[in-house]
């Protein structure tokens, strides 16, 4: 609010102590020519006295105002001193003339017949501060100067920094207006109230005492009584209360509506729907005007934006142009243009030369009838355009009444002066007028647009009413003594809560002086004038609109260019304060009372709308929980520079998503090219794209970290940004990132291109050679050679890289806020007790595994004999049909419960029928589409690698599904063999593709599984149906789909060899890695701890002695490829939960293991709905969509295998099997390891690879060494298999899904 005539303004900084202030000003004497003469003590003499006073007062007031202007536009000690000197001279003048008026006319002046003279003498005889003696007068002036300086130079500095420090205008004002960050707003609010308010309190106490002392000598009870006297009404305070009660319902409805909108943004933590609103959230430092949060509360956001700030900026408006536009409005009414002095001398922008100035907008009358100025740090905004009209309204008033006696150059009452500019602003802000001046393209006169406009006006006008009312309620209490200094702040907040329904956002006490943080308090500008003006301006507006011939709703009136309205306004302005304001008001509006009815009429449409909205929402009007206060934000104030504006966040994620699709697509293409053609060139390109991806991640992740999402009400936005904030490996410094990427590439390359060779030069690759050997051979020595050779070649080669990989993984994790790499990986599950819950699931499944283990061990004992199989010990790891003993389905022929029953392996039929890898994937596609799911797109068939190339290329054979992030390109890379096992794998991989396609329209951030296990489970769910004899019969791979009990047990055994056998391995791999990451497993015991866990959970042991020179974990793809593994454990549990739920949806009746959901659209819909969520919601929501509940459970898996478990328990009982491996330190007879390796012509003699002749001679020569070696081996084995107990660490955070998937080979 602008002050009239020479009022001071704002800025910010803690003041100097009074002891450091300059000495009191030099005592100056009033020019004798300005002293009053002698006049007759009658009415005629009073007329001469008034004329003489007028000419002298103009000179003194000009000098005083000029000194104040010089100070307020350049705050220096020298200018402060000159201002105080001018104030003393002005007070000396007032004392001389005021005392003369009292001496001459006090006995007679109230009987004067000239009412104008009566008003002049009454004004002159009021001395105010001039009543004080010189010493007190000097102190009074010094207090005013210092209070103004403290307020105007106060600054708020950024935490722990000396710069930048914020001034009130423009920095803090802009923050309060535009920021939506709860913590930044809080810091700005608290900082300003502390910086400006606290140092003012002792000065204000002293000012109050001196001011009261001065006005009591004029016959007033206190300063407040003097201020109220300007309104010439004995019932003034009662009239104000009556007006406020009339207007309060409108305010309460606005308050409730805005509180609800803020609740949507800030949530329950910071907004209580039955309590007051925290004062810093309303777009203004004092919560007096709320239009800056219009974007948060706009009723109909799709309608044209009525805040034309952006248009003003686009059109190049500047401060001068804004004032020219305002001037043109006045002149269009036939009123006066601004004089040359106005344009030459005004300060319309904040100076850029470093001067401290009082930025608070104010209009100045220099009392020489030609010099009128405005001081405003104007910003190009719509709000400031209204302020420009407001301030120019003051100047127009000065121009119109400049011919009046100097004592009457005031508004009819102070509210009149404040109302004039605002009356014009009511027209300026209408859409019709904004269109006329080129700031709005079109005017939309529909109900929704009207409600938008009126709500915007209500945020300015109605929101202000209680504040406009309470400020002087508080000051009148201070002046009267009802509010002593010990209760300054308490009473201030009592009134603000009582009338405004706001509360301080931080704890306040009597060390604070929050009233002093409002310009008008330290600058001693009475405030009730603004409340009065907000009522008057609508009375004026209604009268002027009528004069202008306006037809229609009052809020649509624009008096622009109406000279009739201008003439009526001119008559009011020219009267100044020469007549009672009631008379002037009656001439203007036809009534001599303040009346709220025009205001209520103006806002009637939005009042009705607010009432309806609040009733619909069940809003509580008022704040019954008035004592509620918001909690302090976590880690305040460290995070104040973070952005919490959801609109800004939305723009960020939109840009991130657009760019990510490009970057991720390029990376996927480079990765594909390398994986399908391992070459130096492709390696280099992949490294380049890897670095590009890292740079992208760093750029946007760093940007994302500038957002504080704590109070985001949009959960999706919050989730997205939190995910982007995790930079993963890209958090590493550039050199270390390059090193890390090279390590990963080197490790994966070692794994992918490795081959093992016989002495005769025959070399075997993992795919398909070693895999087939492990699957089909039953020769103990051949299997041992393949098992050991692979680990010698791959594991030992990877070991040198691994410690550095661990170090950099941990460093990246810690840079992202995690404890270590394992903590980071676990975070993807969003489960605070992930490890404990996984352990619980494992324990639930362990009985099934132990019975399967005992049964298989008995079968292997029958085949290999007691020398290498101990019925109470672990199973040698190379005998289970798989390089890692993770899936045992390849030894089904050795363990089949009923070998004479019909076989259910469709491999033979597939080969006979001429199936190809392409046919296998077409069949998988058919399964998905039969459920109503999406078919594979053309790009899939054109670009996938479904077979191992025959052109000599080195490829990564490990099956994987690929999303190229363009919404149409999805591929599978698989070295497919024609067998039933790979048919199942084809469905698994296509499950990933189906997932990709279902969530392809989500933001890139959410294009992954609900948790990593979900992605793995989807394809396997379908495989559970595909594997059933019923389904194999449907697709003509089995002659019959129905079997008896024996066939059922055989089928379940085959499934258990794949599913149950895998459970402990999938559980332990990351148990080992998590311990490596947390440091409890070090390089010195990598291998020992690996085998300790494999023994503990799987009950397997190495077939040969292992040492710390070996690195057997590295022989498993996911270790060098850095792919988290516990996802597979999770997927194996939840796939059975999904299967059970989908079978129920499909209407299946009977045992769960016989269910085939093929062609069930109902099951497909459940699956599709869950997949469409991607990662957009926590995984329990996706689980609930499919299963109806939100927890992982082993119950469905146990139900599926219940018939087999019953059979196993009976069978194991019949043979007296020991469950578990009590003789855990047993190892297979090493003598069985001697003998020829297949095709090599060489033998292994006590671990040495020798020619046969060398071995025979060496048997005798090295007998003693052999015995010693055997003893040493047994000792080492004892140490290897000692079971260690490690404390489980609590999970926290983790990585995102990688496209590599588990492949179980046949």
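Backbone N, Cα and C atoms are what each Cβ position is placed from, and that goes for glycine too.
The stretch that Swiss-Prot tags with transmembrane segment, taken from the ranges 1257-1277, 1278-1298, is 1257-1277. Around residue 988 (Zn(2+) 2 binding site), taking its Cβ as the centre, 30 other Cβ atoms fall within 10 Å, counting all chains. When other Cβ atoms within 10 Å of the Cβ of residue 975 (disulfide bond) are tallied across all protein chains shown, the result is 22. On the 0 to 100 pLDDT scale, the topological domain 'Extracellular' (29-1256) averages 93 in this prediction. According to its DSSP assignment, residue 557 (disulfide bond) is coil.
The Cα atom of residue 165 (disulfide bond) lies nearest to that of 529, taking the binding-site residues 231, 529, 992, 1016, 1127 as the candidates. Comparing CA positions across the recorded positions 529, 714, 1155, the one lying closest to residue 157 (disulfide bond) turns out to be 714.
When each of the glycosylation sites 54, 146, 695, 942 is scored by how many other Cβ atoms sit within 10 Å of its Cβ, 942 comes out lowest.
Annotation note: residue 359 (disulfide bond) sits in a coil segment as assigned by DSSP. Of all the glycosylation sites listed here (74, 523, 1191), the one with the fewest other CB atoms within 10 A of its own CB is 1191. Between the CA atoms of residue 146 (N-linked glycosylation site) and residue 1127 (chloride 3 binding site) there is a gap of 69 Å, rounded to the nearest whole number.
Annotation for residue 1155 (disulfide bond): same-chain Cβ neighbours under 8 Å, separated by at least 6 residues, are 1024, 1025, 1028, 1139, 1143, 1146, 1148. Between the alpha carbons (Cα) of residue 695 (N-linked glycosylation site) and residue 829 (chloride 3 binding site) lies a span of roughly 26 Å.
According to DSSP, residue 157 (disulfide bond) is assigned to a strand segment.
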